[in-house]
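Peer 1: Reproduced below are the annotations present in TrEMBL:
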- 87-128: domain '4Fe-4S ferredoxin-type' (DOMAIN)
- 196-232: domain '4Fe-4S ferredoxin-type' (DOMAIN)
- 24-42: transmembrane segment (TRANSMEM)
- 79-99: transmembrane segment (TRANSMEM)
- 153-177: transmembrane segment (TRANSMEM)
- 197-217: transmembrane segment (TRANSMEM)
Amino acid sequence: MVSFSCIAETMASAGSKLQLKRRIFQTGFFILFIFAPILDLFRLDLNLGHFIFFGQNWTLGLEALQAGEGTAAEAVFNIITRAFLPLLGLVLLFGWVSWKYGRLYCGWLCPHFSVVEMINSVMRKASGKFSLWDKKKSLYRVDGSTVKTDKRYWWLVFIAVAGFAFLWAVIFLTYLLPPKEIYYNLAHFSLTRNQMLFIGVATLLLMIEFMFARHFFCRFACAVGVFQSLVWMANKRAMVVSFDRENAAQCQGCYVACEDECPMRLKPRSIKRHMFNCTECARCLDACEQVQFKKNLPALLTWQNGQSALQESDR
């Protein structure tokens, strides 16, 4: 006969499969974020004065008009087909996903959010907190074990913050100038004055953001994230983290694992309007599932949509 402990281990592993899948998506998109300009998949070349998309020059098609060989009607048509319609299609697609699922891009793809989670985990080992602004320490893992803090991890925090800030600064520059030129100059210590200035200033600003304001940026300053949240809030039947309030008493004895696991420092048992910045990363769901399974009980936090989502939206 299979013991309950074996089943618990299996369920804990199954619960983490969603997070493993999410990590794969995050890693893949982070790699794409780095190599997109290198492979000419997408970048803006300031030297050429236009975008490059999948190796092809992506212009507004105004060359003929500028040369006096085209008409204004042709120019307007080119602007509509090459700029307005593609941008509209992207916004509509992104908006539809946000309408249905919320900030799914943030939790499953966004490179910045990946860095936020990584720095959170290292900072927790250094101080017991996920953020410098947390009022209390989070010293318990989902499995009930205690996090042993060590101040020596602060060195790793600083290295991670500086390393990612520098990496991002370089990547941003490769989206604006030819990547081969940037990486060649970087490897041979021959960056131009403007290139050094851009990388230096960007690295400094990103270090400050990653160290002190990474959560605030995601919640209040990121235009992409706020757009998703606003669209999501407008749909009361969108996918949302739902709390089984009828069995709220079962939370007694829990060390608020769902709140500790939230990278955005939210309270997952709250109603939807208090979860405006939820990234649908599902870490709170996995935490609740693991804690409840030890009690042989179903999770109190689940994803709900449609009519079932109204209990969170209408409050």
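Easy rule for this one: first residue shown is 1, then count along the chain.
Glycine is no exception: its Cβ is also placed from the backbone N, Cα and C atoms.
Quantities reported herein were computed from a predicted structural model and do not represent experimental measurements.
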Peer 1: For the domain '4Fe-4S ferredoxin-type' (87-128), find every same-chain residue at least 6 residues outside the stretch whose CB is under 8 Å from a CB in it, and list them.
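Peer 2: 22, 25-27, 29-30, 33, 137-139, 147-154, 156-157, 160-161, 164, 168, 210-211, 214-215, 217-218, 222, 224-225, 227-229, 231-232, 234-235, 238-240, 263, 277-282, 305.
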Peer 1: DSSP helix, strand and coil counts for the domain '4Fe-4S ferredoxin-type' (87-128)?
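Peer 2: Reading the DSSP string over the domain '4Fe-4S ferredoxin-type' (87-128) gives 37 helix, 0 strand, 5 coil.
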